[in-house]
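As recorded in TrEMBL, the features of this protein are as follows:
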type	residues	note
COMPBIAS	553-567	compositional bias 'Polar residues'
COMPBIAS	578-591	compositional bias 'Low complexity'
SIGNAL	1-16	signal peptide
TRANSMEM	206-228	transmembrane segment
TRANSMEM	240-260	transmembrane segment
TRANSMEM	295-318	transmembrane segment
TRANSMEM	330-351	transmembrane segment
TRANSMEM	375-399	transmembrane segment
TRANSMEM	419-444	transmembrane segment
TRANSMEM	479-500	transmembrane segment
Amino acid sequence: MDLLWVLYSMLTVCMAINMEATGSHSMFTCEPITLRMCQGLAYNTTFMPNLLNHYDQQTAALAMEPFHPMVNLECSTEIRPFLCALYAPVCTEYGRVTLPCRRLCQRAKSDCYKLMDMFGVTWPDEMECSRFPDCDESYPRTIDLLPSSDGTEESPSSVQRDYGFWCPRELKIEPDLGYSFMGVRDCSPPCPNMYFHEDELIFARYFIGVVSIVCLSATLFTFLTFLIDVGRFRYPERPIIFYAVCYMMVSLVFFLGFLLEDRVSCNAASPGRFRASTVTQGSHNKACTLLFMTLYFFTMAGSVWWVILTITWFLAAVPKWGSEAIEKKALLFHAVAWGIPGALTITLMAMNKIEGDSMSGVCFVGLYYLMALRWFLLVPLALDVVVGVVLLLAGIAALNRVRMEIPLEKENQDKLVKFMIRIGVFSVLYLVPLLTVIGCYLYEQSHRSVWETTWVGERCREYHIPCPFKVEQTSRPDIALFLIKYLMMLVVGIPSVFWVGSKKTCFEWASFFNGHRRKDSAVHESRQVLQEPDFTQLLLRDPNTPVVRKSRGTSTQGTSTHASSTHLAMLDEPPSASTSRAGSMRSKSSSFHGSLHRSRDGRYTACSYRGVEERTPRLDDPLQHCSVNRLNSHSRHGSLQRLESQSRHSSVRDLTITAQAIQSSPGNGIHRVVGEDATMA
């Protein structure tokens with residue numbers, strides 16, 4: 001018997017659905033009732049969505065299916081008017097939504113309760129009688145069938161309402177995946193991109209692919225240059241290498257997205273289930289999740305490494321930290337640079353806010369969900385810019401103060417100015433693309449709602465969903481905005497090539513391709529810490545041979561006593577260029593600096609070598625005696641006559657003045673810049 005009732009109910013449902021009306025509505029005016037159960041009542045027009053949020057009569061008919069046995073068995077005379085009042089309400093003028101009375105609901109429920117229990121049908125929560133007004137009238141009430149009392153000429157059938165966004169059947173997703181679109185759960189945006197035409201998307205995909213190849217090549221060159229000579233890039237410039245590695249990975253992900261097209265960023269269509277191709281969301285797609293993790297993690301890590309780079313510049317320029325002192329904090333730098341992006345990535349995965357980008361073929365965040373765009377992209381990038389710019393300006397101001405207050409030779413002044421310009425240009429090349437990306441994100445999040453409303457208005461009739469009500473502004477995004485955003489996201493890694501580009505880089509690559517590594521240690525010695533020169537060779541050198549000095553610095557308890565802001569300017573050039581410039585570096589300050597001897601108590605005394613500025617040594621003078629001892633122990637082939645001939649060109653008085661000038665500022669290494677064997681390309 002129960003089986004017969006089930007078959008009868010299914011047949012009734014099929015008859016109740018008018019297949020000609022499956023096109024549904026698009027303007028949401030009063031429409032004829034096509035539900036067989038609700039035909040023959042005191043009214044013959046209804047509106048959709050109904051009071052139970054069914055946006056067309058076909059959906060309402062499917063939802064009424066469990067109640068067909070009760071209606072056919074006529075368990076109550078009130079059940080049919082009550083159900084039709086909810087699933088196909090009477091269409092009245094705008095602003096008069098009529099609800100059935102509470103007494104009508106209670107009688108229908110009490111009369112059919114036992115039969116519903118027999119068929120296993122439960123009374124829905126949205127049909128709870130307490131939700132309806134406390135009255136006792138039949139449905140529809142007499143006032144509902146009367147014409148408008150205000151005498152307006154507007155017909156009830158032409159009035160629209162604002163029903164918000166309804167997810168089309170083609171874009172619905174299984175509930176367990178956690179998708180959402182425009183605030184509607186179990187819904188996903190269409191794929192390909194809902195804002196642009198196919199030809200625009202093809203051009204954008206190839207544009208992103210070409211730019212990603214260029215940026216990948218540039219950042220890979222920086223990383224390989226570092227591998228050829230690892231000791232060349234020490235702190236404070238070492239973060240540039242990690243910065244380049246991060247954007248190398250970002251470029252690699254975009255290049256993979258170009259190759260994959262939309263196979264990962266979009267779900268395949270299912271025509272048999274009336275499902276269109278939709279954007280991938282969440283972490284159920286492993287390939288999309290992997291692309292998101294790599295892209296977002298290294299994007300955030302690259303911005304953090306730039307902040308750390310400004311921190312190291314600040315430490316070298318303001319508190320005068322040396323390379324080793326900064327390097328002692330490397331573990332902390334790595335923990336921050338990799339830890340913060342990792343925490344943000346895990347948080348987004350836990351929130352299930354991964355979204356596919358059909359334009360670039362990758363998966364990212366903030367493409368459709370505005371809160372994720374604001375808190376996981378705009379806020380971190382803005383903080384990086386503010387902190388980095390403040391530290392950068394403080395470091396440049398400190399270097400400029402050194403240049404203005406401490407007297408330097410003209411050549412060293414020019415080198416310091418060039419180094420400041422180099423830092424400034426590098427920072428501008430990073431900040432301009434990053435600020436452009438932030439500007440694109442701000443513009444996008446402020447216009448996203450208008451773009452979505454415009455899209456709904458253009459596609460509502462095709463999808464048979466409510467059209468927007470009283471649209472005041474319509475706008476479509478410009479493809480150039482998105483192209484600029486992708487371009488700046490990629491080119492932000494190219495400034496690393498600007499930093500490593502020098503004559504020494506060309507020399508190292510030439511040596512590498514020739515099959516041998518340069519073993520000349522002259523360049524590396526300039527970066528060693530507190531290594532005293534070979535005084536014997538300097539004493540026995542030819543008088544016409546120029547004195548070549550190298551800058552060295554060290555740190556004590558986290559700060560440097562010999563390294564300063566000019567240590568930042570240690571740039572590189574081939575040894576041949578260093579030798580050609582060595583003749584211009586025979587200054588008294590460098591000669592005296594080379595003559596310092598470290599005693600057991602850690603202090604430096606001028607007792608070992610005085611170069612070309614010594615007169616004939618006297619054995620009764622301790623300083624002269626120290627010099628003679630070293631001369632006797634290391635150079636048996638020399639003579640005191642040669643030493644005299646070399647010392648005629650200087651005076652003890654000039655040496656004393658130079659020594660006092662150097663001792664007056666022991667923590668400042670500006671004077672050591674004249675001993676550098678490097679210059680900017």
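Including glycine, each Cβ sits where the backbone N, Cα and C put it.
Unlike curated entries, TrEMBL annotations are predicted automatically.
When Cβ-Cβ distances under 8 Å to the transmembrane segment (375-399) are tallied for each of 206-228, 240-260, 295-318, 419-444, 479-500, the top count falls to 295-318. For the transmembrane segment (295-318), the partner stretch with the highest count of Cβ pairs under 8 angstroms, out of 206-228, 240-260, 419-444, is 240-260. Outside the transmembrane segment (240-260), and at least 6 residues removed from its termini, the chain residues within Cβ reach (under 8 Å) are 205-206, 208-209, 211-213, 215-216, 219-220, 222-223, 226, 233, 287, 291, 294-295, 298-299, 301-302, 305-306, 309, 337, 357, 360-362, 486, 489-490, 492-493, 496, 499-500.
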